[in-house]
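These features come from Swiss-Prot:
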- 31-43: compositional bias 'Low complexity' (COMPBIAS)
- 45-66: compositional bias 'Polar residues' (COMPBIAS)
- 67-77: compositional bias 'Low complexity' (COMPBIAS)
- 78-122: compositional bias 'Polar residues' (COMPBIAS)
- 130-143: compositional bias 'Low complexity' (COMPBIAS)
- 153-168: compositional bias 'Low complexity' (COMPBIAS)
- 202-253: compositional bias 'Low complexity' (COMPBIAS)
- 254-274: compositional bias 'Polar residues' (COMPBIAS)
- 313-322: compositional bias 'Basic and acidic residues' (COMPBIAS)
- 765-782: compositional bias 'Polar residues' (COMPBIAS)
- 922-937: compositional bias 'Basic and acidic residues' (COMPBIAS)
- 344-411: domain 'DRBM 1' (DOMAIN)
- 435-546: domain 'DRBM 2' (DOMAIN)
- 578-645: domain 'DRBM 3' (DOMAIN)
- 690-758: domain 'DRBM 4' (DOMAIN)
- 25-168: region 'Disordered' (REGION)
- 202-274: region 'Disordered' (REGION)
- 288-342: region 'Disordered' (REGION)
- 758-833: region 'Disordered' (REGION)
- 922-950: region 'Disordered' (REGION)
Amino acid sequence: MSHNHMMNNQQQHAAMINPGAVASVSGAQVQQRSMMSQQRGGSHAINSSKSPYQLQTSSISQFSHLQQQQQQQQQQQLVNNYHKQKQMSPDITSHQFSSSTGGGMPTQNGNYQSMSGSSIHTSMGLDNGQLSLQHQHHQYSSQPAQALQTSVQQHHYQSQQMTQQQQQAAQQQPQQQYQSFQQQHHLIQQQQQQQQIHTQQQQQLPQQAMHQQQQHLQLHQHLQQRSLNQQQQQQQRYQKQQQQPQPKQILQHSPTSGKSLSSAPHGTSVQPSTLLNHHQHNMAAPQVTPVTNGESAGEDTSPKDSPQAPKTSGRDSVHVSDNEESASNASEMQQSLANTKEKTPMCLINELARFNKMSHQYTLVDEQGPAHKKTFYVKLKLGDEEYSASGESIKKAQHAAAAIALVETKCPHPPPKPARLGCCDLEKSADGNITPTVELNALAMKRGEPALYKSIEPQQPPYYHQPNMDFRGLYNQRYHQYMRASRDPRYRGNGVLWPLRYHYPRMNRAFYVSLRVGHREFIGDGPTRQAARHNAAQKALRILKNLPVQSGEKKSEEQADEAAEDACEEDVDDSLKSEISLVHEIALRRNMVVQFEVIRETGPPHMKNFLTRCTVADMVTEGEGNSKKTSKKKAAELMLEELRKLPPLATPAFPRPKSKIQMNKKKNRNLIKSELQQQKADPNYGVGINPISRLIQIMQAQKKKEPVYTLVTERGLPRRREFIVQVEVEDKTCPGSGPNKKLAKRAAAEAMLQLLGYTKPSPQPTKSSFKNPSTGEAGQTNGDKKVTFVGGDSPGDGDDKVSSGSNQQRVPGLLHLPSKSSASSSGNQHTASKESLVNLASILKPNLRPEIQLRELCKAMDCQLEIDDFTKKRTSGTEHITRITIGSENPQSFHGSNTSLESSRDMAALDALKVLVARAKDIHPGGDGPQVKKDVLARSGSGMKKDFSK
C-alpha cells in the first residue's frame, strides 16, 4: 500500500511538470492494476466464463503483464540502490539554483529540470517508463546547495548508466516481441479454425437430422401405401375367384393341390418364409420393416384384416411380390396388351385350344372406312364355335374376338399351373418373376459371352458294395448279432449266422448341369433338371455381377472355338429345323450344291410379290410369296419333297441324332391372311373402302395387272379447272372428271367398279369438292337467299338459251350465244361459232352509247339486265346514282354517279362492258373456238371512252 501510494504521488507531481510523459506511465499502471486484480480474484471469473466459441486471450495478457512487471522491478532496484548509496554517504547534497535563472535546463536524457527559489522539482524520464524524483523534494530542500548539487550529479550519472542498459534491452526486446507475436498469431489462427469447424458442425447437424427425418417419413408413407395396395389386390383376387368357381373345383379335385399350393392366384409366387412363419398371419395389422440397399421389405398381411378374405391356413398363404405393386388398377392391366404380367386374351385362347386339343383360326371378314381410320372385322373360329368382333386395327379386333370367346365358350378352361417348389425357390432374386436363367441371359448378352447349358449324367453306383459299408462309406448301417441257436431265428444250423441288415429307402436321383459363360464353367445340381439349371445360373450370377462389363471387346479365338464345339455337340431335332436347313443338310450328305435365286419381282413398292427358284443338282423348284423369305421357304419345301423321293444312302456321312418325340410345328402367327385373297375378290367385301384402293385390291386378288390412270385433259380457268382422268384395266377404260386430279381419279375408279360388276356405291367424302349447278360454291343450296332479277329488255325465251349437259357445267370465260345448232355434239357446247363472234363485233360499235351497247350484248347473250336509278339532293345540286345488275344465278352489280341520268347510266354500263371484254380475252385457241379480235375490242373501248367524254 505504501508503495502504491508513493507511486500515485509521483504521478501527480510529474503530471504537473510533463503531462505527456505521465501518459505512458499511467497506461502501464492501469495494466499493472488490472493484472493485480486478476491475480487476486479476477482470474477465476475470467476462466469461468470461457466457452468453446470464445477466444482464449489470457496468454497474451499474461505475457504483457510479465514484461511490464520486469520493467517495474528494474526501476525499483535502481531506486533501492540509490537509497543505499545515500545512507552510506550522508554528506551528499543537492544542487541549488538561483531563482533568477527561471525556465528549465535540459538534461542528457532529454528531460527538463524546473527550478524555483523555494523548491526544486526534478523529473527524469526513461524510455519505457518515467521515474519521478519528486518524492526527494522534501528531503533535499533543507540541505545545503552544495550537497544538493553533488547528489544531482551523482544521480545524473546513474541515470545515464540506466539509460544505456535500457537501450541494450530495447534492442533485444523487438526480436523477442516478434517471436512471441508470431506464436500468439499462430495460436489465434488455430483457435479461429477450430471455432469455424465447430460452428459448421453445429449448422450441419440440424440439416442432417431434418433430412433423415424426411427420409424416414417418406419410407413410412411408401410402405403404408404399398400395404394398402396389396390388400386391395388380395381382395380383387378373391372376388375374381368367387366369380369363376370352375377353376376352384378343378383345383379341389387335382391330386397336387395340397403340395403345390395351387390355391394361390395366378401370377403370385409362394415364399418358403410364409410356410415356416404362418403363425404371423394372425396379427391384427401388417408388420412393415424398412429394408435398404434395394431389398424387399418383408410384409405379412393378415386374412382377418379384410372382411371378404378367405379363411386359409398358413400353408395356403400367398406372398405378394414387389413387382405387382405397379398393377394396382386391375382394369388398366386388362386393357394394356403389352403387359407381360397378365396374359392377353389371344394367349388364353391358345392355351384353351391346346388344352381341349382343337384348332382355332382368325379370319379377316371385312374392313371399312377411309384409309386413315379403318375399321376391321375379324371372325374367330374355335372348334365349332364362331365369334366376331371389330377394332381399329387387326390386332385389336383379334383380341376383342378372343375376349368374347373366353366369356361365351362352352369348352372347359385349363387349370392354372401350380407353383413350383424347388431349391431355386429358396434363393430367388429381388424380382420374384425373373428366374436366374433369364437374368443370367441378359447379363451374358451385355458382356457379349454366350451362356451354354449342358446336362451331366451322374455315374450310377455299382449294384454291390463293401461289407458293413453303406453307399456313403459309413460302418453303422448293419452289424452281426450272435445269439444262441435256440433264440436266434436266423440261425440255420451248421454254424452259419446270417447278419441283420437295415433296409433304407432308395436315394432320390440328382440332376447335374454344366454352365459355361465365356471361359468360366459352373456346375449346378438339383432335384430336377430345371432346378439344376437355376442353381448353376445363381452361382454364375454371384461371380459375374461383381465383374466389370466388357462391352465392345471381341471374343478370343479360344472362346470362339469352344462355342463352336459346344454348338456341334448339341443335338437338334429335325422337327425344330427349318426347311432351308434340312435341304442344305440333305444336299451336304449327297455332295450336292444348293442355290437359291430370286428370278422375278412384281407389284408396287409397298406390296411386292417375289418368285424364288431353288436348284439342287438337276432338280428345280419355284416358290412365290410376298417376301423373299417366304418365297425361299416355299421353294425349299417343294425341294425337300423332291429330295425325300431319292433312294437312301448306303453309308450316311455322319450318324443321325437321336430321335425325339415329334412336336407339332409352330403355326404361322399370321393366320389372318389365309383366305384374304379370296375374300377381297368378293363383291360384298370392303364396301366403305376408297374406290381407288378397292379396285387395286380386286386386281391383286385376281392376280391381274394393277389399274393404270392417265390424265387426258384439263380445261377451264386457273382457279376453276376441270380435269379428266381415264383408268385402264386390261382392255377396259373408263373416264372420270372432277375439279382436281384426286376426285377425277376417284370418279374414274367408281365407274370402273360399276363396269366390273361391283355396283354398291361407295360413300362420298364428307367435304366434297364437286360443285353442283343446283347448289352454291360449298355444296349448299341457296335457299331463301336466291334472288331472281327480271329484265324487261331480255327476251327470257328458254328455247334460245344455251344449255349444258347434265354432268357438265358452263366454263367461265366463254360467251355462249343463242344458236340454232344448240343440239349439236357435246364437244361444241362450250365454244362459240364464227357467226356469233361476227355478230358480237357488229354489236360493239363506237357510235353507240355504252348503255345501248350493254343492252344489245345482254340481249345477244340471253342475260338478264336490271337498271336502278336513284336521285339524291345535295347543296351543290342534284346527283343521280345508277346501279346495273347482270345475271340471275351469280349476279354482278355495277355503279355510276353523275349530275345527269344518262351520264350516270353510261358510267355504270362502261364498267359492265369492261368485265365482259375481259372475259372475252381469256378465251384460248386450241379447240375451244376462234378468238375475239383485239382491234375490234380496242375500237369499241375507245369509242365508249369518247362517247362518255362527250
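Here the Cβ of each residue, glycine as well, is placed from N, Cα and C on the backbone.
Owing to the predicted nature of the structure, the values given are computational and were not obtained by experimental measurement.
Each residue of the compositional bias 'Low complexity' (153-168) gets a DSSP state, and the totals for helix, strand and coil are 16 helix, 0 strand, 0 coil. Note on the domain 'DRBM 3' (578-645): DSSP counts are 28 helix, 24 strand, 16 coil. Predicted-model confidence for the domain 'DRBM 3' (578-645) is 91, expressed as mean pLDDT. Each residue of the domain 'DRBM 4' (690-758) gets a DSSP state, and the totals for helix, strand and coil are 27 helix, 27 strand, 15 coil.
The DSSP breakdown of the domain 'DRBM 1' (344-411), given as helix, strand and coil counts, is 27 helix, 24 strand, 17 coil.
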